[in-house]
Structures are given as structure tokens and as C-alpha cells.
Amino acid sequence: MTITGVKIDKKFMKDLFILIMGVGLYVLSVQMFVIPNFLASNGVAGVSVLMDFVFGVNPALTFFLVNIPLFLFGWRLLAPRVLLLSIPGALSMSLWLLLYEALGVSGIEFSHIIFAGISDGILSGIGAGLVIISEGTFGGSILLSRILEEQWNFKIDKVLFMVDVVVLGLSLLTYLALPNFAVTLLSCYIFSKVTLIVGRPEYRKGLVLKGKKVYKKVFAA
């Protein structure tokens, strides 16, 4: 079976499953660590959190609406397989948000928000890394980074961090306190690195090689 020239086989279904699970972890991180600790989130999810805090707009609705122009932008620039995976990926983002709300998933309030920021960076980074492994996206900044990477060789972590800085700036101007801004910035940095560690084997290999070089220098001295 093929759709728009893309073969729907076992590998495609496996990648789709990995994608949806990755999105679920990403959204869970927002629900558990970001919202209850008054942090901002990264990318389009951050815009959704901002709209929720400032205007009371449902995050699922904001995410869906913001993704429309991004998908139109990527329609002719990305491979058909990436787009075919990204559509259910983006839809699952909104569905996961609604599901967690319906299930009453409660957040974790830490004694210090820095622990919430670190936890968010790690868990959301693992989720986004799984999405990259699937070779799809869930829309938002991941979709934008894939477009810029494929067309103009931008590095994914750099694109993610640049988008996050813009979203954080808007959040700081509207509802985010300065300490929360600093912690969210740390979270976004951790997120961008964990995303690459999980999603890109070549990045992991590079870290291992660097670690070996440092080890040799330290113990050769």
C-alpha cells in the first residue's frame, strides 16, 4: 500500500509508533513540569503555554492553529515520507494534551524550579529525540528545524535554541518572571542537546570520541 508515493509497510508503522510515543513524552513533560512550575516551554508548545497563561486559550487549539502555516511552508520542501509522518505527529500532540487533561494528569511542584527545568529538558528532549529517530516531526519548531536542515544545512540544535530564545523573550515580556526565564533557558539548552543525543547516532559518537580525548589528556598528564 502506498500513499502519495510513500510505502506504508512495517517500518513506516514502527516509525509512526515511535513518533507518537515521543510526542506523548514531550507533552507529558509540559503537563508535569512546565505548567505547574510556571515555566515556559520550547518552540510552538511554548507559544501554546503562553496563550494559555495570558489569554486562557486551550494549548491544543493553539498548537493546531500555529502548525497550519508551518505545514504549508514545508509542503514542497520536505520529503513526502516526512510530511506523511508529521501530520499524525502534529495531530497526536493535540490529542495527547486533551488526553492528559481528561485523565487529570497532575504536575509535580519542586522545592526549587531548577529541578523542574532540568527534568523538563531531559524528558522533553527524549521525546523529541524519538521523534527524530522516526524521521517525522510533530510540527512546531521540530518541523521548522527539519526544513532548514534539509534545505540549507542548518544544525537542528541551533535552530531549536534560536526559536526557543524568541518564544522565551515573548514569555518574559508577558507573564514569565526573571528567575523562571533563566531556568527555562537552561531547560531549552538541555532539551536541544538531549534531542541530538537520543535522535542522532553520529552526535553520540562525536561525544564519545571527545570524551576519550579528554580522558587521554587527563590521565596522560
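Placed from the backbone N, Cα and C atoms, the Cβ positions cover glycine too.
Positions annotated as transmembrane segment by TrEMBL: 16-35 (among others).
Here TrEMBL flags 55-75 (among others) as transmembrane segment. Residues 30, 44-45, 47-49, 83, 86-87, 90, 93-95, 97-98, 139-140, 143-144, 146-147 of the same chain lie 6+ residues outside the transmembrane segment (55-75) yet bring a C-beta within less than 8 angstroms of a C-beta in it.
Residues annotated as transmembrane segment in TrEMBL: 82-100 (among others).
Feature annotation from TrEMBL assigns transmembrane segment to 112-138 (among others).
The transmembrane segment annotation in TrEMBL covers 159-178 (among others). Non-local neighbours of the transmembrane segment (159-178) in the same chain are 38-43, 46-47, 49-50, 53-54, 141-142, 144-145, 148-149, 184-185, 188-189, 191-192, 195; each lies 6+ residues outside the stretch with a CB under 8 Å from one of its CB atoms.
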